[in-house]
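Taken from TrEMBL as is:
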- ASP282: active site, proton donor/acceptor (ACT_SITE)
- GLU134, HIS199, HIS220: Zn(2+) binding site (BINDING)
- 54-387: domain 'Amidohydrolase-related' (DOMAIN)
Amino acid sequence: MENTILIQGAQLVRDEGITPGDVLISGSRIAKIAPAGGITPGPDTAVIDGRNRILSPGFIDLHCHGGAGGDVNDGDPEAYRKMEEFHRSRGVTAFMPTLSVDPMPKLEKACAMVRALRQEDAGGGAEILGVHFESPYINPVYKGCQAAECILPFDEKAMHFIRQNSDIISRITLAPELDGVLEAIPELRQMGILVSGGHSNADAVMFRRAADRGMTMATHLYNAMSSVRKEGPYRIPGVLEAALTDDRIYTELIADGHHVPGELLQIAYRCKGPDRFMACSDASRAAGYSGSERVFICGQEAVIENGVGMLKDRSSLASSVVALDTMVRVLAEKAGLTPHLALRAVSYVPAKAAGIDNRKGRLAEGYDADLVLLDEKLNVCSVWCRGIKSGGK
Ligand SMILES: [Zn+2]
């Protein structure tokens, strides 16, 4: 007998806006959606009172390194479980565990770990959407907090590593201006890998050339990327301006209230609109971590100050220390988005960017029962991953 759950009378986040309704979960899927009071529970149906609550599609994080002390690069299933549990408690029901720059054998081990975890996935946890390989093939000028000594050229060895792991890599971040990248984009796409430009010093012409060849995303907009510069009497737009104005490009923003100020969030939203603007956590192991030991982010000692991680010399921010639920609230408070649009930026848009909007990212019949119940202040109350209540309070 499959479990059936009825969430009654919640404010449902639908494509067109937020409207009250009932949602029936059967097994791992959404079986039925109806106006409030429209579904009568059967004798074995668990009934949840959703009144005064918002029911959103589960959050989808396409850029997440760690949490609760664990980091994907550790290649340690225990560390992974800690981070997964933390983000799930904050409403994340599917995500791409994200590698950061490190020696290649470590990255190989981390890929093997994620592969094994995905194979043994029995539901109940946040679904692994494959690895986001925030790769060492980046421009040192915009390395951000990535370790300079591990940055590599994009050569045959790079393609060999990617081919070997193409079953588990779903997204790659790289700098399109590196030798060999433009030519490789069609093959990366053929392998089913989403190509995302980031940590890049390209100009807008180069960035668009990469988009012509199949690049569809920009990694953490505003952070670690070129923007307009002056050459003689002329202004030369960079990655930022190209990503903001090219409608083919999905842009993710680290909306923790520190990496990108409110005005810049607003500019991005006005340029990208409700179908291309999304938030990612880019969370490090320091997210949700309450231990007192020293914290290392991207292999370098970091400090946590005022709710954000930064390198010890304060030269660069180093990933966020929050999950997507905080970003929903920041988008509402600092970017002026309605709850509907803020929630869309962490559910529908990332699902669309990842090409899984036929089963995730919307409240719709037949879709995965990945759901988050929030109070009116947008705090997470309950979480269901593929029909199993598995996080929140
Ligand atoms: Zn990152």
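Even glycines carry a Cβ here, placed using N, Cα and C.
TrEMBL feature annotations superimposed on the structure.
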| residue | record | Cβ within 10 Å |
| --- | --- | --- |
| GLU134 | Zn(2+) binding site | 28 |
| HIS199 | Zn(2+) binding site | 27 |
| HIS220 | Zn(2+) binding site | 24 |
| ASP282 | active site, proton donor/acceptor | 30 |
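Sequence-ordered, the extra residues of this chain that approach the Zn(2+) site, with Cβ no more than 8 Å from the Cβ center of GLU134, HIS199, HIS220, are HIS63, ILE138, GLY144, GLN146, THR173, SER196, GLY198, THR219, ASN223, ALA224, ASP282. According to its DSSP assignment, GLU134 (Zn(2+) binding site) is in a strand. A coil conformation is recorded for ASP282 (active site, proton donor/acceptor) in the three-state DSSP classification, outside any helix or strand.
Between the alpha carbons (Cα) of ASP282 (active site, proton donor/acceptor) and HIS220 (Zn(2+) binding site) lies a span of roughly 8 Å.
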